Amino acid sequence: MAAVDTRPAAARPTRPARRRSAGAGGRGLKGFYVALATVLAVVTVFPLLWMITSSFKGPDEVVNGRLTIEDPTFDNYVYVFTQVPFLRYLANSLFVSVVVTVVALFFHSMAAYALARLRFRGRETVFVLVFSTLLITIPAIIIPLFLIVRELGMLNSYAGLIVPAVFNAFGIFLLRQFYLSVPDELEEAARIDGAGYWRVYWSVILPLSRPIFSALAVFFFLANWNSFVWPMIITSDQALTVVQLGISGFQDQYGADWNYVIAASTVAALPTMLVFFVFQRQIVDSIKTTGLK
Amino acid sequence: MTVGEKAPEAAAPAPSAAPVGRSTGRGKAETRAAWLFLAPDLLGLLTFLGLPMVLSVALAFMRVDGFGTYEFVGLENFRRMLGDPQFYDSLRLTLVYLVLVVPLTFGASLGLAVLIQRRMPFVGVFRSAFFLPYSVSVVVVGLVWEFMLSDDVGVVGIALRAVGVRPPSWLGDPDFALFTVVGLCVWFWMGYYMIIFLAGLQDIPRDYYEAARLDGAGAWAVFRHITWPLLAPTSFFVLLTLTVAAVTGGFELILVLTNGGPSNGTSVLVFYIYQQAFTFGEFGYASALSAFLVLILLAWSMMLFALTRGGRFSHGRS
């Protein structure tokens, strides 16, 4: 390993050289890798494809194990939306996810602005404390968290679903990193015009945050839309049921009617798969950043 | 963060929070503004993360009943833990689960990352495909797989029987269900960690690979002598977060798939904690169990740090 990195940059092979060294055997190997990747990709995606196709099959066809759809039907979807208040579940999830995302972005960017751009005594301490909460995992605190939320009278309420989900250090950390790289000049210009801290934050920092906000928003939205254990613990009211809870309850009720259960799952999964395909780049970027830096 | 082609540039190490050059006259106003900006998040983090953390220790020494009375009982919860056979069972299952899930997910995600880092057609399609399961919820994953693995009508069983293999009862056999859970976890998570490994791979200078190829190094030698050592910080990070995520995420999948069964065959420690707290209302005892789990995870993290010198591994010495 030590030998390779001492090589002068001039030793880098030119394109034709590499192609020659790869040769015919290299092309065969490449074919093998593509084939391997294809097989693995099919294995990875198959369950979700199977879910979508099965949701269009009737009760007899859904259990025959065939890939084709003989007699496509929308009955399962109609059933799901008419037998249980599925629209309500979807609306609840949408409401909770959107509110958490918006409030979290707002609060986290405020905190991150203070930590990155303002000078005050205790800043390093606050940052270390905030950062250390990254180490706290939910199972470690879910019991006291439940008891606190109960004491605050937030069981069975939107507040209970929303408020505890807002606060996490990931967002603060990421936004702080971003704000550290904002050039001073932009802030100074506003300051010279007589803008106070809030004005600077509101009209300089927030508009600059758009790209990182979109990445974080996708992240927060997915996490909250897919959240399951916390809503299950703190809500029992039908009117508050979020979609993940809805489909798991649906299965308890219609266990063997796989065509209905799978259609319900598809409805719950489609928005996230859509978000995934549209915002894949942002998701990948924010994972890379939260993951490593 | 850029949305451009070169993602890591956006993640370039930002300068540390050095004081921004500015006149000192505004000190007091600036301090006040800063605390006001911080107030909402600090209050929230204290209430919903800090306080629970402190309480989780305190609760382990208490008995809590459904009406919200808290009574100090000393070490009673821990004494009960030591005499509880189901605690030992859940601990054993957790170990088996972790010993399988962590290396398998690690290997699978690293393998996928190395595979699609090559120049080949449809790389973008492959990456999306491997990463796709990450977008769906644990409930959806649980339901879809329960459908596919159900004994009589599941497509996996039907396919296996068609080629003359008698499939096991994936989720119905107490001795087998945990392995099914392990397999599903790997399927579910490998795409996510693949992305993290890909980020690490991108940080390795291309020149190293070119030079190695010039020297005639084979694929394995390149991996062994370039990729693996230079990827060490990423590997450390993945190992650390994967362990914690496996403890949590596996529990959620188990909750949906098997509810700890059959015959407690998948009742891992976090599931047992959950059951004690939210099924039986034994918040004190559950807190003692979770304090124990946190200690184990802490010990594991510290051991990883010690073994790898804080994620630098051996090549950091030179």
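One-based numbering along the chain as shown.
Yeah, the Cβs are placed from backbone N, Cα and C, and that goes for glycine too.
Here is what TrEMBL records for this protein:
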- B:9-19: compositional bias 'Low complexity' (COMPBIAS)
- B:91-304: domain 'ABC transmembrane type-1' (DOMAIN)
- B:1-25: region 'Disordered' (REGION)
- B:35-62: transmembrane segment (TRANSMEM)
- B:95-116: transmembrane segment (TRANSMEM)
- B:128-145: transmembrane segment (TRANSMEM)
- B:176-199: transmembrane segment (TRANSMEM)
- B:236-257: transmembrane segment (TRANSMEM)
- B:283-307: transmembrane segment (TRANSMEM)
Open item on the list: Can you work out which residues elsewhere in the same chain, 6+ from the ends of the transmembrane segment (B:176-199), have a Cβ less than 8 Å from its Cβ atoms?
Closed with: 7-8, 11, 93, 96-97, 100-101, 104-106, 108-110, 112-114, 116-117, 127, 130-134, 138, 141, 145, 149, 168-170, 231, 234, 237-238, 242, 245-246, 249-250, 253-254, 257-258, 261-262, 265-266
- [ ] Check the transmembrane segment (B:128-145) against each of B:35-62, B:95-116, B:236-257, B:283-307 and return whichever range has the most CB pairs under 8 Å.
- [x] B:236-257
TODO: Any chance you could find the range in B:95-116, B:236-257, B:283-307 with the most Cβ pairs under 8 Å to the transmembrane segment (B:35-62)?
DONE: B:283-307
